[in-house]
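Have a look at the structure below, then the notes.
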Amino acid sequence: MIKNISVIGAGTMGHGIANVFAMYGYKVSMYDRNKKNHENVIDEIKSELEFMAEEKYIDKELINLTLSNIKIFSSLKETIENADYVIETISEDIKSKQELFNQLDKICPIHTILSSNTSSLSLSEITKDISIERKKRVMICHWYNPAHLMPIIELSYFGNMSEDIFLDVYALYISIEKQPIKVKKDIPGMIANRLLHALAREVFHLIETGAASSEDVEKALKYGPGFRSATTGILESADLGGLDIWCAVEDNLFKELNNSDKACDLMKQKIKEGCLGLKTDEGFFKYPKDKKEKIRKDFFRRLIIQLKASKNY
Ligand SMILES: NC(=O)c1ccc[n+]([C@@H]2O[C@H](COP(=O)([O-])OP(=O)(O)OC[C@H]3O[C@@H](n4cnc5c(N)ncnc54)[C@H](O)[C@@H]3O)[C@@H](O)[C@H]2O)c1
């Protein structure tokens, strides 16, 4: 049974992942090679917990309890000493992840399960130089951002590990109220990102070709397919609508859809101009400095409302 968790990398994803495990009572040890992040990470987790309490998603008492379950270490070796399960969530760089896995393989207890939060790298590449025994205890556990509010977790089951180990990790994620997806093939993007970017390609194409304004394309998604998808998947929607109709529509539409194998030019142009989104005050939309905090909180608030609604469903 998994009790002690180590999170390696305390950036955007790492702090959120540590937050969730600690909130559900697990002892979490953390490590980041950048010491500056050691100072920020607890403040960031605290502020997210306070916001969840303000929105009445968690009890106030949970804030200190959660924080007391997290400890940050200044050496990797100390961090993983008692770990049953390690999740690395360091930069998306194959060499760094390989080096880290090689190190973890050597210094972790024999029973420790090692996992990666990679969004795009192959598990067999990341773990290519680790011991044969450890290869039976490695997997991808892919979270979605923001980790403390998105219910999905994608778990690899690529044939390298026994079902017992997989089920231990599956049970771990059920215990923190995530919705695990068992991914059976080592394919780039796992499942959720493939779905997301198939849709994103058409969104960018519609804007680039002037089919509708950016605001209206977003609105069509939020109040059309996106609205329904939060409660009803594509297959169920097709069943409800009638497969004969869906089939006719797809035969007519698929040949019209964008099938580019590159990110869209409009986005590349924006990047050239230094418009990277919220972090640079402008992306597809504008983010005035004095409104940024409110924009971020509104984003979190909407997810909390969805979470509350999906719990009562
Ligand atoms: N940001 C997202 O939306 C998102 C979503 C899902 C998955 N992911 C994946 O999660 C991972 C982390 O992404 P992020 O957005 O949190 O990145 P980030 O840059 O915010 O954080 C990475 C952290 O890892 C630390 N780090 C780098 N190398 C290290 C090492 N060798 N040892 C210890 N610490 C190290 C860095 O100092 C940094 O604090 C990536 O694999 C990414 O693909 C990201």
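Placed from the backbone N, Cα and C atoms, the Cβ positions cover glycine too.
Any TrEMBL annotation is an automated prediction that lacks curation.
Annotated features, as they stand in TrEMBL:
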type     : residues                                                                             : note
BINDING  : GLY9, ALA10, GLY11, THR12, MET13, GLY14, ASP32, GLU92, LYS97, SER119, ASN145, LYS279 : NAD(+) binding site
COILED   : 28-55                                                                                : coiled coil
DOMAIN   : 5-186                                                                                : domain '3-hydroxyacyl-CoA dehydrogenase NAD binding'
DOMAIN   : 189-287                                                                              : domain '3-hydroxyacyl-CoA dehydrogenase C-terminal'
SITE     : HIS142                                                                               : site 'Important for catalytic activity'
TRANSMEM : 6-26                                                                                 : transmembrane segment
Please find, for GLY9, ALA10, GLY11, THR12, MET13, GLY14, ASP32, GLU92, LYS97, SER119, ASN145, LYS279 as listed binding NAD(+), the greatest distance between any two Cα atoms, in Å.
26
Going by DSSP, give the three-state secondary structure for GLY9 (NAD(+) binding site).
coil
How many neighbouring Cβ atoms, not counting its own, are there within 10 Å of the Cβ of ASN145 (NAD(+) binding site)?
11
Pop the Cα-Cα gap between HIS142 (site 'Important for catalytic activity') and GLY11 (NAD(+) binding site) into the table, whole Å please.
15
Local confidence of the domain '3-hydroxyacyl-CoA dehydrogenase C-terminal' (189-287) - pLDDT mean:
96
Which is it, of LYS97, HIS142: the one of these recorded positions whose Cβ has the most other Cβ atoms within 10 Å?
HIS142
Taking the Cβ of GLY11 (NAD(+) binding site) as centre, how many other Cβ atoms lie within 10 Å?
16
What is the three-state DSSP composition of the domain '3-hydroxyacyl-CoA dehydrogenase C-terminal' (189-287), stated as helix, strand and coil residue counts?
65 helix, 3 strand, 31 coil
Which residue among the binding-site residues GLY9, MET13, ASP32 has the fewest other Cβ atoms within 10 Å of its Cβ, if you could check?
MET13
